[in-house]
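S.K.: Quick one: this structure, given as structure tokens, is what I'll be asking you about.
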Amino acid sequence: MEKENIEKTLKVLSETYPNAKCALEFKSPYELLVSTILSAQCTDVRVNQVTEELYKEYNTPEKMISLTEEELGEKIRSCGFYKNKSKNILGATRDIIQKHGGEVPKTMEELIELPGVGRKTANVVLSNAFGVPAIAVDTHVFRVSNRLGIAKGDTPDQVEKGLMENVPREMWSDTHHYLIWHGRQICKARKPQCEICPLAPYCEYFSDVNKD
């Protein structure tokens with residue numbers, strides 16, 4: 001996508017989704033970290049339902065670490081992959097306590113050393129908990145970026161790199177949310193609603209599909 005069209009695309013996105021923000025509910029960086037780990041292949045709505053109860057008693061590393069993997073697994077069972085998520089949450093929690101004084105680290109390098117934390121989860125935490133410009137590439141961001149042509153790649157890391165190159169740094173975090181909301185509401189995986197999409201004039205996918 002040409003630079004001019006990228007600028008127009010970002011403008012339309014900002015006007016279409018002025019209230020776009022993280023859908024996970026949290027009151028601390030630690031809560032957001034746990035919720036983001038839980039959100040893998042699970043809806044944010046389900047995660048929020050589970051954590052509303054979980055965080056009443058276990059909302060800090062010190063409280064969470066009192067649980068066994070089995071106990072935590074039962075509390076998060078409905079999020080799916082609960083055994084693996086329980087193991088990762090407690091592993092990350094242990095490292096936060098032992099290596100970071102009980103505080104969630106504020107750098108990508110430190111975050112991705114935590115069990116179960118990859119670049120996507122780290123970027124969500126950096127952006128939403130610490131206000132660091134970042135672009136977390138989930139399934140929506142990956143799909144919409146490739147379809148629009150704003151950043152193309154075969155892997156999330158490639159798309160993240162492309163977005164960082166093509167989007168002004170001060171817009172990274174907002175753009176992440178715009179693309180998620182657009183992916184959920186219009187640019188859906190199976191049936192994108194191109195006929196009502198405000199980005200159709202700039203979209204490479206739309207252009208390809210409608211070639212004469």
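Backbone N, Cα and C define each Cβ position, glycine as well.
So TrEMBL lists the following for this protein:
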DOMAIN    38-185  domain 'HhH-GPD'
BINDING   C187, C194, C197, C203  [4Fe-4S] cluster binding site
S.K.: For C194 ([4Fe-4S] cluster binding site), which of the three DSSP-derived states applies: helix, strand, or coil?
M.R.: helix
S.K.: Give the sequence-ordered list of residues that share a chain with C197 ([4Fe-4S] cluster binding site), lie 6 or more positions from it, and have CB atoms under 8 Å from its CB.
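M.R.: Looking at Cβ-Cβ distances below 8 Å from C197 ([4Fe-4S] cluster binding site), excluding near sequence neighbours, one finds I186, C187, C203, F206.
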S.K.: Which one of these binding-site residues, C187, C194, C203, has the sparsest Cβ neighbourhood, judged by other Cβ atoms within 10 angstroms?
M.R.: C194
S.K.: Using the CB centroid of C187, C194, C197, C203 as the [4Fe-4S] cluster site centre, which other residues of the same chain sit with their CB within 8 A?
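M.R.: Close Cβ neighbours, site residues excluded: R147, L148, I186, P192, Q193, L199, A200, Y205, F206.
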